[in-house]
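The annotation transmembrane segment is assigned in TrEMBL to 53-71, 77-95, 107-128, 134-154, 166-185, 197-224, 245-270, 282-301. Residues or ranges marked as domain 'RING-type' in TrEMBL: 413-452.
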Amino acid sequence: MNQLQFSQAQSPRESNFDFEDLPQLQEQQINESKLSASIFTDVYYLFRLQIKIFGTIYLILLILFNSYIVFDLTYKISLLYVTILHFLQVVRLAINNYNNILNDHNCCLELFWGILSISYYGCFFYFIDHSNFPIQYPTIMYFVFTLSWIAFLLHAYRQNKQETNIISLFTVFCKLLLTAQLMLINFRQINWLQWDWIYIFSIVWAFLMFAIILQFIFIIDFIMKVIITIKETNILKKQALNQQIICSLWINLIILSISGLLTFTIVSYSILLSTEKKPFNFIPIIICIVYSLVIAAYTCYFKRTLNQFLMTFQREEENQNDNNQFSSPSSKRRSIFTRDKNKINIKLPQFLIKLSQTYFQPQLIGQQYQSQKQIQSLSEIKQEKRNKTDIEQPKQSNQNSLTELKVEKDQNCFNCYQNESCAVYMPCGHGGLCIKCATEWFVEKQECLICRKPVEQVVKVIESNSNTFQIVDVIAF
């Protein structure tokens, strides 16, 4: 590289990269990207599977319990179903933490709580057929252990205020409310409490009130998104808003299964226990079955959009923090930023159209023909200029033509002239830079190197076909 090219490579800022090591480093980064992408894919599909499993388990439990209310079936079926779920959870927890179970006190407590839950359900089974069994003692022991567990987590949180401790504390607090509710039900069954059944479920009512408030909030949010979508004229933004509406409606359906179905089920059960009469005949079981079919059909129909939505909420694994770090080699300094692949912006278009060497435009639905026509006209103009230049300037036998030099120059970064230009700033659409230069400038300024507008993402593109490029990765955001 001559002195003129070296001076151009330094502008508009000093270049700190060791270009001698770039080929090896680029190969290493490609391998790391493939590894992190495979890890992310496995975790993401596991997360989606857990969402589907939890939703299915909850709806089946509601159908079984409403069958007990409507058809006078014994609630041993529902209790057996819950016992099997607890047993599977204990087995899963023991297998996943087999090597670290003795060093993790919280894991040991969770395992013991699961075993205690199974033992309590066994006592409840016996109490159904033998009403003289002292069910109050297993219930009190169940509640006291959960209370001790939450006291242990409070002490751990005071010593180490981490996000994982907060999540564990919230989870155990929900379990404490569950054991307290079961204790109230058992005390009412053995006549230790003389309250009416509708007051026995006071903890459930508090939870349902919170769900109803949350339902109203999400309904208002859904209505606002619909209004904004109707008023929006930009096609790209309208497509993104349509995806948000689909996801918002799906969330409303999920919350409705709690605020609506569960509320209706508990009301029916309370009336049945108080009056020993079926309050709504077959309506509860019919509503549960129809609702389950509706939400299953909606989830399958909008599977792709909902998968992208769930991907943005996938939590980052602790062991991925080190793997997802991207470091720029430098003899003077290293610019390091974390690349979180679990938060991909669904507003980004899938394809970009290259209008010039440094400008890309999103390929919009309904505008593909116009874009191709515009690209074709620009290509013809460029080709005419190149042909005219080649005719006016004679070629030398041992040198490349001006057209070949221009094509080779277009494929390289206009800043360092060393690496392939495959990075594009979004949303302005300016590119022509390599990943190294684009990410270093983004870390320093977070603005476009050409138009100086704010940059939200730096994306990597590959050529799909003539003048059409596909976004394959989000390098920085």
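Using N, Cα and C of the backbone, Cβ positions are placed for all residues, glycine too.
Nobody curates TrEMBL annotations by hand; they come from automatic prediction.
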(request) Rank 107-128, 134-154, 166-185, 245-270, 282-301 by Cβ pairs under 8 Å to the transmembrane segment (77-95) and hand me the top one. (result) 107-128
(message) Checking distant contacts: for the transmembrane segment (245-270), what same-chain residues at least six beyond its ends satisfy Cβ-Cβ under 8 A?
(response) 55, 58-59, 62, 65-66, 69, 197-198, 201, 204-205, 208, 211-212, 214-215, 218-219, 221-222, 225-226, 229, 279-280, 284, 287-288, 291, 294-295, 298-299, 302, 305-306, 309
(request) Report the listed stretch (53-71, 107-128, 134-154) having the maximum count of Cβ pairs within less than 8 Å of the transmembrane segment (282-301). (result) 53-71
(message) Under 8 Å between C-beta atoms and at least six residues away from its ends: which parts of the chain pack against the transmembrane segment (107-128)?
(response) 74-76, 79-80, 82-83, 86-87, 89-90, 93-94, 97, 100-101, 135, 138-139, 141-142, 145-146, 149, 152, 175, 182, 186, 189
(request) Mind tallying the domain 'RING-type' (413-452) by DSSP state, helix then strand then coil? (result) 10 helix, 10 strand, 20 coil
(request) Calculate the per-residue pLDDT averaged over the domain 'RING-type' (413-452) and state the result as an integer. (result) 85
